[in-house]
């Protein structure tokens, strides 16, 4: 089906940064590059305006050269610059979106794929194994550091220029549905790590925002709590609620207090000091707050009861 120049310009105007005109003309590599870089960072989309007539003519079979055999395409400084830029861009995206993947694996792979994508634009391509090998070797030299993205991209771009060649003619083109499916998978593989990282960052920010009201409340109550603590120290207020409700040592009679202390330690009245010490040591190990974090309040209450009961029966401990 013949391609129309007017339709190509319409798609360029409506969805040029997404490469719709390239999809229409069968330039899938160029379309994918534009999708992932938003029209070559904007500049490439504007540059396409002057090349659309030639691309439409090529898509319609006008002026298409025959089999070029083993000829090598001419060196293109513009393509080389594009390879370095896109390779660096892909490497930085991998560093941001895949922090859990080792840098020596994610960085050179992303840089190599970016350089290979630019190499495949138009009627040219490059040997992918050579490009990836150069990226991995350069990454090993720089130990996978983030700042090494640029030299790794330069090394991969030089390898791509060294192994450049023309695409073979006569290759059957897949149907539009299959082409769109492949483009969608490539875009998903590129965007999914960034989306996951963005969602994790948004969840962290949301948790911080939800904690702000509680922090503000604690800050507003700080003067009141400080005043209450000062009053307790000066003797104008009672002790801490935990200590007040922790025991039951309120009876004034000494015999009643001792009877209550024996009950807390699980001993009969009149037990020896040795039994008191042994029972206290065992129960303290059981009810120590560090061993009962799942029931911290009860453990703290029982721990205070044991201490007071032991002090009642054995006297103040050193």
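Glycine is no exception: its Cβ is also placed from the backbone N, Cα and C atoms.
So that you can see what the record holds, here are the features copied from TrEMBL:
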type: TRANSMEM; residues: 7-25; note: transmembrane segment
type: TRANSMEM; residues: 31-50; note: transmembrane segment
type: TRANSMEM; residues: 89-111; note: transmembrane segment
type: TRANSMEM; residues: 131-159; note: transmembrane segment
type: TRANSMEM; residues: 180-212; note: transmembrane segment
type: DOMAIN; residues: 260-318; note: domain 'J'
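Tertiary proximity for the transmembrane segment (7-25) is limited to same-chain residues at least six positions away from its ends with a CB under 8 Å from its CB atoms, namely 31-35, 38-39, 42, 45, 48-49, 52, 55-56, 58-59, 179-180, 183. The residues of the domain 'J' (260-318), classed with DSSP into helix (H, G, I), strand (E, B) and coil, number 46 helix, 0 strand, 13 coil.
Proximity of distant same-chain residues to the transmembrane segment (89-111), defined by a Cβ-Cβ separation under 8 Å and at least 6 residues beyond the stretch ends, is recorded for 37, 132, 135-136, 138-140, 143-146, 148-149, 152-153, 156, 190, 193-194, 196-197.
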